[in-house]
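Written out below as structure tokens is the structure these notes cover.
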Amino acid sequence: MTVPVIYFILVFQFPPTIPWCKVPHIDKIKHQFCIDNVTSNCEEFVKNLTIPKHRKNVGCGSVLTYDQCHRYDISYETMSYVTRGSIQSYFNNTKTVECDIGWEYDESYSTVTSEFDLVCGRSYLNTLVLTVNMTGMLVVSEHVGPTKRAMVGLIYPIFFSIGYMLLAVYAYFIREWWKLQLATIAPSLVFLSYWWIIPESPRWLISKGRIEEAKKIIQLSARVNNITIPKNALDGLREQKKYETNDQTKHRAIDLLKFPNMRKKTLILFYFWCICGLVYFGISFGTSNLGGNPYLNVFIAAAVEIPAYGVSFVMMENGRIGRRWSAFCSMGFCGVSNIALSFVPACGHMVWIRTTLTMLGKFCITTSFAIIIIFSAEIFPTALRTTGVGMCSVFTRVGGIIAPQLMVLGDVWKPLPAVACGITSIVASVLVLFLPETKGENLPETFEQAEQFGKKAKAAHDVSPHERYRELTKNEEMELETVLINDPTSPLKESLSKL
């Protein structure tokens with residue numbers, strides 16, 4: 001639950017702000033023109049005197065807003081002789097200057113933006129921090145069977161969403177950014193205990209030759225689940241390791257891109273994860289721009305994720321839909337909602353429509369994320385499963401790095417971020433249809449199994465002798481190896497050498 005806090009705490013530490021310039025001797029100016037602060041709305045009156053206004057496009061028209069980066073070039077000395085009746089003519093002849101002594105902010109809460117004046121010429125640092133910040137799930141897949149992977153795999157993201165909702169609660173009650181930082185990071189110290197609590201993946205231990213450790217973990221899992229393991233069921237692990245370890249040592253991460261079928265699947269997954277990161281973090285970082293209460297907006301955006309995980313589970317486990325079509329539908333609807341969002345102005349009675357489309361997009365991208373995590377772990381072979389999903393996760397961060405910068409492009413053309421997210425999401429939804437369905441299938445153990453997984457069956461006369469040998473079952477290969485070890489003079493040796 002602490003991971004989403006670390007991700008999204010920046011929403012409250014670097015929120016959109018409306019600053020205005022500090023003015024020299026502002027208290028004396030108030031005293032002169034507000035008649036000892038008796039005048040009603042004194043603060044607003046003096047602000048109108050000292051800060052210029054300009055028109056700003058808000059999507060369905062323009063409004064007058066205070067300039068955030070300039071003030072009138074005035075001081076108490078230059079205004080001491082000005083009377084209330086001559087104020088208007090005085091300001092009509094007064095030039096403006098950039099904010100030279102700092103800014104004023106809403107004092108109801110403290111942010112990093114206000115603490116370090118990350119506005120105007122330094123405003124780019126807000127999105128830069130989000131980008132830098134974006135520069136475990138997998139282990140679960142190694143401990144469960146095909147029928148339970150989807151359910152167990154969704155437990156983690158549900159707690160992710162709970163932590164996301166708790167962040168809004170923390171931020172509501174802790175208004176100083178550095179105290180909020182400490183309060184949210186301190187629980188992470190508990191993770192140090194995980195070294196002794198969480199068992200290692202049995203599949204990984206077997207692939208590393210640590211058979212006895214794998215047996216202990218399997219036996220422990222059986223006791224916890226009240227399952228009796230047949231007496232000789234674990235005796236074949238050493239032979240299995242002998243078959244699989246060679247696959248581990250002779251293949252590296254680059255091999256995911258070396259062979260055609262695995263390369264196609266890997267590149268599609270990389271792109272899908274990248275777009276998931278782009279859209280998910282883009283929407284999450286932008287919740288504070290929806291208007292209304294930012295704490296409530298973040299809470300709702302987090303709460304929307306929980307039913308999304310439930311929908312993703314139902315879709316993946318449906319025999320007629322499965323993993324592939326679930327990913328297609330969820331990402332496709334996400335793209336449509338984002339494109340529709342680009343046509344809705346951000347003002348007036350249309351605000352609730354924008355908010356609805358935004359939350360629909362968040363629902364769909366969360367569903368896509370939940371599905372692709374399970375889907376990817378089922379596509380990569382055991383020997384490179386950690387590496388493969390880890391590389392996919394890197395591309396999620398790439399999408400997260402791009403997201404803040406894409407939001408900035410909204411200053412050039414307001415619908416651009418939504419249009420870009422919509423088009424890329426639809427492309428990802430189409431590409432995922434080129435992946436094989438994995439529902440109910442056994443995880444590929446070796447690289448050869450992963451390379452063959454999803455290929456169309458060939459006619460017998462089109463299969464070469466080498467391919468026929470590779471398509472032998474694992475037990476048949478082990479039997480042949482045993483024959484050769486026991487009888488090196490066997491005629492099979494010469495036949496196999498030709499294959």
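Glycine is treated like the rest: Cβ placed from N, Cα and C.
Residues or ranges marked as signal peptide by TrEMBL: 1-19.
Feature annotation from TrEMBL assigns transmembrane segment to 153-174 (among others).
Through the fold, the transmembrane segment (266-283) approaches residues 7, 134, 256-257, 301, 327, 331, 334, 338, 358, 361-362, 365-366, 368-369, 372, 375-376, 379, 388, 391-393, 395-400, 402-404, 406-407, 417, 421, 424-425, 427-428, 431-432, 434-435 of its own chain, all at least 6 residues removed from its boundaries and within a Cβ separation under 8 Å. Residues or ranges marked as transmembrane segment by TrEMBL: 266-283 (among others).
Under the heading transmembrane segment, TrEMBL lists 295-316 (among others). Here the transmembrane segment (295-316) has long-range neighbours at 4, 8, 11-12, 150-151, 154, 157-158, 160-162, 164-165, 167-169, 171-172, 283-284, 287-288, 322-323, 325-326, 329-330, 359, 362-364, 366-367, 370-371, 374, 439, meaning same-chain residues at least 6 beyond its ends whose C-beta is under 8 angstroms from one of its own.
Here TrEMBL flags 328-353 (among others) as transmembrane segment.
TrEMBL lists 359-377 (among others) with the feature transmembrane segment.
Annotated transmembrane segment per TrEMBL: 389-410 (among others), in sequence order. Within the same chain, residues 124, 127-128, 130-131, 134-135, 137-138, 253, 256, 266, 269-271, 273-282, 285-286, 372-373, 376-377, 380, 416-417, 420-421 sit at least 6 positions outside the transmembrane segment (389-410) and bring their C-beta atoms closer than 8 Å to a C-beta of that stretch.
Residues or ranges marked as transmembrane segment in TrEMBL: 416-435 (among others). Tertiary proximity for the transmembrane segment (416-435) is limited to same-chain residues at least six positions away from its ends with a CB under 8 Å from its CB atoms, namely 264-265, 268-269, 271-272, 275-276, 278-279, 282, 286, 324-325, 327-332, 334-342, 361, 365, 372, 375, 379, 406-407, 409-410, 454.
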